[in-house]
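Student: This structure is in structure tokens; I'll ask about it shortly.
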Amino acid sequence: MEVKHTGMDRENKSVTRSNDVYQEDDGESTPLLGKSDQRVQLSKWKPLSQLVVLAVVYMLGYSPLSTLLNLERILYPDIGIYALVCNFGGSICSLVTASVIAKHLGAKGSVLLGWVCQAVFIAAHFYMEPYVILPVAFLVGIGHAQAWITNAVFVTALGLQYSEITGRPQGEVMGMFQGIFFAIFQFNGIWGNLISALVLNSPADDTTGNGSTSHAQGGNLSALCGSNFCPWEDTSGTYITQPDQYVIYIILGCFLGLVGSAFVIALLFLKDVKSTTGDSLHSLGAFLVTVWRLIFKRKMGLILPAFMFVAIGQTMILTEFITAFVSCEIGIQYNGWTAMFYSGGLILGSTLTSRLVKHVGWVTLFVFAACCNAACLLSMLFYEPSGFDSLWFYFLIPFVSALGDAQWLATASAYVGHVFPDQKWPVFVTVRSFIYVTFSLVYAYSNFACMDTKVYVMLGVVGMALLLSIIFLGITKNWHKSQNTQKIKFVQMPFDLRLA
């Protein structure tokens, strides 16, 4: 098997190799998709610095969407949830469109396309009519998915490069890079929700000293809120209120500013990465064949429920829990603060993953994640908070749940990047497609099921995801043992990297 070697300067710990990872601009190339045959010097700080730039870009760009997940049903009760269904429904098309877009725009171009689509989606909220927002949301979903798929490709490519430069184990580096990325990225839930919390801070019709409103029924809300909440029930006796239109416009304007900042930073500072033969971007047919083989022949289908659970978990907290518990029992002005606690848990969980992955096994991380989620779900079912006297409950549940969600996402992403390093595009297109299918299904039935039913469904998904993930870990471990038995020391890797 042919292996291309890389020259390493031991003194300055830098690597000289062909420009396989980054595409620098030259006089004959475009800024987005430029190609150069010049050889470049890459230190170990190069992939780390690009990782930070990438994380900051995604932190700013996705902050508005993460905030809209908990505001859509409140701000636009008639159509908000269906806009999210269309958005994630359009994202499912990425299974077909991702390879085509990536082939023509490249990785960096795909990221920029994602921010343009995000801006269009936010702008459509200024004129929230069904014939406008629903088709726009569907089309924008395609760009939304493309940006997320490209993010995973970027992180995997940078991790592989760092592993080759430093000689550190590939699995350890993948866990570290995923942890660093998500630790920074999860601040996206801070900025957007901080904006909404500050703008929505003054509740309407305040008549009491504890923040209650004149239309709410004090502590007699257990029959309407919490695990008994049903979307079709009359919520006029709760704390769910509709803010003024000008307040909504202020929030949307701030969201456009965040997306614009992400676009500018990506355009100026983010360098492109190239696809490889294993990415199967040469034709749509070859790409789909690769996806089919990954799911069934390589048993990647066993790890997909872990990613699907992340979608369900995020929806459960940011949409269902915040509506049924927070908005209903203490008021919409607390939505942003609750969501920020969820983001804080994601940040801490991602940081723990990057630190723990080299000290504990993959199975331990998955079990820890499942325990966090199960504990929160059972608390939603059996604990009845008493409004303002139990404020800790509305912040602790999102925080602990986020610890579990972060472990699922960072650990599963790192592991598939480690197991399938030379098939980044088909792997992460498959992952994101299944995530978007899950988002679409969850939002589609959201208005037709009560909160307790949703919790029971999620408990079942937790158990299934944990069981199948452990089975997948065992299968892939046997693959590596088989390779060692056959004395295969190196395999062809993307960007001419080697895997022992």
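Cβ coordinates are placed from backbone N, Cα and C, and glycine is handled just like the others.
Caution: TrEMBL annotation is automatic and unverified by curators.
Keep in mind the model is a prediction, meaning the values are calculated, not measured.
Dumping what TrEMBL says about this protein:
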{"type": "COMPBIAS", "residues": "1-14", "note": "compositional bias 'Basic and acidic residues'"}
{"type": "REGION", "residues": "1-34", "note": "region 'Disordered'"}
{"type": "TRANSMEM", "residues": "48-69", "note": "transmembrane segment"}
{"type": "TRANSMEM", "residues": "81-102", "note": "transmembrane segment"}
{"type": "TRANSMEM", "residues": "109-127", "note": "transmembrane segment"}
{"type": "TRANSMEM", "residues": "133-160", "note": "transmembrane segment"}
{"type": "TRANSMEM", "residues": "180-200", "note": "transmembrane segment"}
{"type": "TRANSMEM", "residues": "246-270", "note": "transmembrane segment"}
{"type": "TRANSMEM", "residues": "302-326", "note": "transmembrane segment"}
{"type": "TRANSMEM", "residues": "332-353", "note": "transmembrane segment"}
{"type": "TRANSMEM", "residues": "360-383", "note": "transmembrane segment"}
{"type": "TRANSMEM", "residues": "395-417", "note": "transmembrane segment"}
{"type": "TRANSMEM", "residues": "429-449", "note": "transmembrane segment"}
{"type": "TRANSMEM", "residues": "455-475", "note": "transmembrane segment"}
Student: Do the transmembrane segment (429-449) and the transmembrane segment (81-102) share at least 3 Cβ pairs under 8 Å, sequence separation 6 or more?
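Tutor: Between the transmembrane segment (81-102) and the transmembrane segment (429-449), which are separate recorded stretches, there is contact, as judged by 3 or more close Cβ pairs.
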Student: Do the transmembrane segment (455-475) and the transmembrane segment (302-326) share at least 3 Cβ pairs under 8 Å, sequence separation 6 or more?
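Tutor: Checked: the transmembrane segment (455-475) vs the transmembrane segment (302-326), in contact.
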Student: Please tell me whether the transmembrane segment (246-270) and the transmembrane segment (332-353) touch - that is, whether there are at least 3 C-beta pairs under 8 Å between them, with each pair 6 or more apart in sequence.
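Tutor: These two segments do not touch.
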Student: Run the contact check on the transmembrane segment (81-102) against the transmembrane segment (133-160): 3 or more C-beta pairs under 8 Å, excluding pairs closer than 6 in sequence.
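Tutor: Answer yes: the transmembrane segment (81-102) meets the transmembrane segment (133-160) with 3 or more Cβ pairs below 8 Å.
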Student: Can you say which of 48-69, 109-127, 180-200, 332-353 has the most Cβ pairs under 8 Å with the transmembrane segment (395-417)?
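Tutor: Ranking 48-69, 109-127, 180-200, 332-353 by Cβ pairs under 8 Å to the transmembrane segment (395-417) puts 332-353 first.
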Student: If we skip the immediate neighbours and take only residues 6+ beyond the ends of the transmembrane segment (332-353), which ones have a Cβ under 8 Å from one of its Cβ atoms?
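Tutor: For the transmembrane segment (332-353), the far contacts come to 66-67, 70-71, 74, 175, 178-183, 185-190, 193-198, 200-203, 211, 239-241, 243, 317-318, 321-322, 326, 365, 394-396, 398-407, 410-411, 414.
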Student: Do any residues of this chain, six or more beyond the ends of the transmembrane segment (360-383), have a C-beta under 8 angstroms from a C-beta of it, and if so which?
Tutor: 226-227, 306, 309, 313, 316, 321, 325, 353, 393, 397, 400-401, 403-408, 411, 415, 451-452, 455-456, 458-459, 462-463, 465-466, 469-470, 473
